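Colleague: Okay, handing you the structure first.
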Amino acid sequence: MKFKKFIRAIKSGDTDKASPNTKQVTGAEIEETIELLKKNTTQINDVIFKKIPTNEGIVTMVYSNSLVEKMTMQVMVLIPLANHLNQIHQISEKIDPADKTEIISKLMGGQTLLYFHDANLLLSIDTYSASTRAITNTETESTVIGPQDAFTESLQVNISLVKRRIKNPMLKNENRIIGTESNTEISLLYVEDIVNKENLEILKKRLDKVNYPSFPDVSILKQLIEDNPLSPFPQYYMSVRPDSIVHYILDGRIVVLMDNSQAAIVCPTSFMDMFISVEDYYNRWTTATLLRMLRFFGFFLTIMITPMYVSALTFHPEILPYELLLNLQESRSKVPFPPLIEVLFIELIIEVLREAGSRMPAKVGQTIGIVGGIVIGTAAVEAGLISNILIVLVATSALLSFLPPIFLMSNTSRFVRYIFILSAGLFGLFGQMLALAWLLAHLLNLSSLGTPFMTPVIPRKAGDLLDGIIRFPTAFLKGRSGISRSQKK
Amino acid sequence: MNVDKRKQLNGYHVVFLIQNIMIGTGMLSLPQDLSSMGYSLALYPLLFGVVASLNLWPMIWICSQYKNENIFGINEKLLGKWIGKSFNLFIVVHLTFFIAGIIDDYMNLIQTTALPEQSTTIPILFFLVVAIYIVNGGIKSIARFCMMAFFLTLPLLYFLRWAIEKGDLSHLLPLFNFNKSEAFEAFRKGYLSILGYELIMVYFPYIANQKKAYKHALIGVWISIILCFVVTTVSVMYYSEWQLEHVTYSVLHLFKAGELTYIERIDIIGITIWVFLVLTTITGYLWCAKKGIDSFRSKKKISHVYVITIAIYIILSMPFSKEVKEKIFEAAFQTSYLMLCWPIFLIVVHLLRKKQVQS
Amino acid sequence: MNKKLILLILTIICLAGCADKELKVPLEDVGLLGILAFDYIDEDSYKLSAAMPQFLPEAKENTQIFSVTTDFVSKGIVEIETVSDKKVVLNQLRVVVFNEEFARNGDVQKVIRHLYRNAEVGNKVLVAIVKENGEEILKESYPDKPSINLYLNDLLQPSINTAFMPNTNIHDFVYTQTNPVFDTIVPLLEKQEGKIEIDGVALFKKDNMIEELLPREGLIIQALLGEKNLAPLNLTLDKGEEKEELMIDLIKNKVKMKSNKSIESPKLFINLKMEGTLIEYKGYREDELTTLASITKLEKDIDEQIEKDIEELLEDLKELKVDPVGLTENFRMYYKGNWDREMTEKIISKLEVDIKVTTRINSTGTLD
């Protein structure tokens, strides 16, 4: 809040004394600006005002202590001030004291302001040097083959990770500030002669409309610029792997990077993209095809297996083979709940296990995994709470739900599964098929940046089929996908 | 995204709209409807195909005279505002009953096979909610759903395998073993099963390439006809004449012949997947009925869909006796023949009033 | 728009609450009948026995047998439910058994049609006739079999050595009953000490059983029907000096029929091609069977013998005026107009058959 007031104060000052840039700057004007800055930063304790005597008279130095490292300060500002003043003039930038919004944003961005009292000069030097994490390998999207580096939380580092992979002057990164309170920097990356201009236009319009206070992570921005925010499905691809992001940039998509956020989002994205991992391109095409099929059909299986159990046991015992049915009857004979409750019960326990496992410190987590496994695997069956066949099905579907390379998708599949379980509990297979019809209709209605989400299914381009569920040999994959509607084919 | 918001249906959309709206519950009982022909019914769908192709022509012709009007608009233009509007209202009411009839038919089937000992009121409600969801996406959404439904249900053909293995091809002979009255009876009962292509008169203004619409529509019609032909042929091979006549939903029993070791009853899976085919039919008709109300009230509103759906729900949950219901739906089905002949009448009016309308 | 949607969902949830009244019976409370047996009492009533598996490990008997006297199937089921602790359903019905008396005098057709119409019942329900008493077959103990349900079902499944018997399910039964060119054949079972034996084939005329066929005759019928997998063929050649006995494992079987299309003087050409291995031989030619020439001669003898057998069988069928093979289909195919049962009988009684059998012996085993 303070900050907002501060900006408002400066802005009001701005309107009072609007002065054109060309006007000769007077010392009084700068003096006034510094005073205003001082007044407004009384509670911002890391902003430091210092008067230093130099060869060119007294210099007032203003900087934010927490964004500038001592070492940088020393090398960039203090030593040159004392010894090589002309070096300061070389690396610094002259600023207009009337433009108060810019001054404050520079200060908050880690720059150092220098006011030369004698020369009536206001300069800024980029000394931003907040410490960042080193580039490490990813733990959330690790692959066996392929580059192991991952994005970090620094926008500069992330952009550099992309740019060192695409050495092309057409690769643009447009930075802009977003977030009414946090003033977070984001960057749009695209290759100018490939990207679809219309897509870029839509995305920019949406970003302009975003009115949200702060962005701890890019996934928040993602939800705000999606076509259908109410849908359970993620409509943009999200990854922390530079190689996968680069693949999409060159395909003609637009990538949004955000400062302080590890992941990048890719717009637009199709449903099929959610099941594609970059590793598929590193693998041989046969292996990649097999894995893609597993992931794609695994998604539909994971939402179908346990509902199938519910509907077969409550409504259609005749579809099961006789021997299996007798087994089921035997194992269910001790279970006090109807199948629907039984399935919901065990599904929820699995969710609890998963959630507990991910929240707990790693060392405790392992124990919980074993305890949970034993408790659910054997004890629950022996206690007669659930049937042992259900355990197998639930475990399978839980494993299947982790197949999609995008974690958001696997979360979605878990949520959608509950819809299917409930509808199976209501009307059996008929309910399941109705739910499937709803799901497909929903997916068909979804769009990502105005392009149909189910693009390879509703083929925009026959070439998409080469890189769909079946990954053709690499020589066939020169073309760009239909969803990016790229300028170059 | 499209430059012209109205022209949103491409060739594929038209093919599958036509094809999938045609196939609904009718196909399930097609062999029984045609059973007066005996074993010769196998070839009958081909005749339907020819009739449908001929019947499509006047529809497309009259629509292509008024490129931006659907059948309701044409009615108003040609017959004058009042006669046109009242006839449009009649069509909407007809469509409403027609939809109710189809749902009733399918739900009865679901009740006997998949949901025994359960009332169908709640399943119908859920079914209608899904239908509304699809219709709200517009005609393009329906068209896409049709495509999806086609490819999702196509594998069902594989389940006919066992029926073909067991069946006897010699049943097809002698080829034309029927007389006129039998053929007429079969035509009267069976032609209703392939209705659905007449809806092109409503979504014609949305077709991007109207010049090729007839060609695309024909492809759609003939895909359906071939599917019907496959079904009738396999039925003839598998059943005796008595069974053809007495087994209701013979297609269901064809699935029953399946022998898989891990799924005992393919028919239940088949019949529940059929919901996709019924949904496409229902949503197509529902959308058209909505367009009817739109033009009747001269404004577009989403609430029109809800009005029709509620009407359908009320019709279905009315405590009529089964016989009365059956009669009402039969009447609604028979009225469809009027819809089929209507464009011919419109063409006559068009030719007579040509100058008046155009000026 | 969103408010409307929420309203809609709320109504649905409320309505779903109403649906709860129709409680479904969970699987473990359902008694899945596996076998139904019908025993003849008199024209109006029969004894219905049903086998229901018991899955609880505590139960001493793994199958519970119920018997009631009734005149309707569904009435009988309801009556069974009154003595059972479970809801009795027919969803997993596998075998229907009639005793011979029922098959000869009762209305088999009515019972089968009831099951055929019932959507609960699948098409895989096998039909069989049992000599004497159906209830006893269910009640007999089979010490080396897990349960009668599985035993009877597995027994009636086609296997290579019982391929002489027709694998008739309820669809086949209704199909052959209602198709004028066919007469129904059903496997015939006989109870023995601790086991059940497939004894032969029951031949139906119209609605009732009239005759019992031997496995051999059953095999010929199956061969004429064009069945691919046939049981090993046992032949006795008594032409020539000495009796010979041999066994052929049939690998391939192909039948072609051609009629002269005439209703007045029907004539049928049957061309049967068989291929197989000679697995056993007993007779005077034992040492000669190493050369091709002698095998060819043997093939010819076999052809003649099979031809004779078929002719004899067809002669019998002609006398009975029944057509389990569907020979008359070859005439119906070319007849315009309605074909009915009388036509079939007319044709079959006048039918002249020209049979040509070609047997090929592929090998005589690895020993010379």
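Cβ atoms are placed via backbone N, Cα and C, with glycine included.
Sharing the feature lines straight out of TrEMBL:
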- B:12-30: transmembrane segment (TRANSMEM)
- B:42-62: transmembrane segment (TRANSMEM)
- B:82-103: transmembrane segment (TRANSMEM)
- B:115-135: transmembrane segment (TRANSMEM)
- B:142-164: transmembrane segment (TRANSMEM)
- B:190-207: transmembrane segment (TRANSMEM)
- B:219-239: transmembrane segment (TRANSMEM)
- B:268-289: transmembrane segment (TRANSMEM)
- B:301-320: transmembrane segment (TRANSMEM)
- B:332-352: transmembrane segment (TRANSMEM)
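Structural setting of the listed features?
Modeller: Counting residues 6+ beyond its ends, the transmembrane segment (B:12-30) has Cβ neighbours under 8 Å at 45, 102, 105-106, 109, 139-140, 142-144, 146-147, 149-150, 190, 192-197, 199-200, 203, 207, 213, 216-217, 219-221, 223-224, 227-228, 231-232, 248-252, 274, 277-278, 280-282, 284-285 in the same chain.
Remote same-chain partners of the transmembrane segment (B:42-62), defined as residues 6 or more beyond its termini with a Cβ less than 8 Å from a stretch Cβ, comprise 30, 34, 74, 171-172, 175, 186-187, 190-191, 194, 197-198, 200-201, 204, 213-214, 217-218, 221-222, 225, 228-229, 232-233, 235-236, 340, 343-344, 346-347, 350.
Panel annotation: around the transmembrane segment (B:115-135), residues 103, 107-108, 141-142, 145, 275, 279, 282-283, 286-287, 290, 305-306, 309, 312-313, 316-317 of the same chain, lying at least six beyond its termini, place a Cβ under 8 Å from a Cβ of the stretch.
Sequence-distant contacts of the transmembrane segment (B:142-164) (same chain, six or more residues past either end, CB-CB distance under 8 Å): 9, 12-14, 16-17, 19-21, 134-135, 227, 230-231, 234-235, 237-238, 254-255, 257-259, 266, 270, 273-274, 276-277, 279-280, 283-284, 287.
When Cβ-Cβ distances below 8 Å are used as the criterion, the transmembrane segment (B:190-207) is approached by residues 6-9, 14, 17-18, 21-24, 26-27, 29-30, 33-34, 44-45, 48, 51-52, 55-56, 59-60, 62-64, 67-72, 74, 139-140, 213, 217, 220-221, 224-225, 228, 281, 284-285, 287-288, 291-292, 333, 336, 339-340, 343 of the same chain, each at least six residues removed from its ends.
Packing against the transmembrane segment (B:219-239) from elsewhere in the chain are residues 14-19, 22-23, 27, 30-31, 34, 39, 41-46, 48-49, 52-53, 56, 157, 160, 163-164, 166-169, 171-172, 193-194, 197, 247, 250-251, 253-254, 257: each is 6 or more residues past its ends and has a CB under 8 Å from a CB in it.
Among residues of the same chain six or more beyond the transmembrane segment (B:301-320), those with a C-beta under 8 A of the stretch's C-beta atoms are 92, 96-97, 99-100, 103-104, 107, 121, 124-125, 128, 131-132, 135-136, 286, 289-290, 293-294, 328.
Residues 55, 58-59, 61-62, 65, 71, 74-75, 78-79, 91, 94, 97-98, 100-101, 192, 195, 198, 201 of the same chain, all 6+ positions outside the transmembrane segment (B:332-352), place their C-beta atoms under 8 angstroms from a C-beta of that stretch.
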Colleague: Can you work out which residues elsewhere in the same chain, 6+ from the ends of the transmembrane segment (B:82-103), have a Cβ less than 8 Å from its Cβ atoms?
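Modeller: Tertiary neighbours of the transmembrane segment (B:82-103) are 24-25, 71-72, 75-76, 124, 127-128, 278, 281-282, 285-286, 288-289, 292-293, 295-296, 308, 311-312, 315-316, 328-329, 331-333, 335-336, 339.
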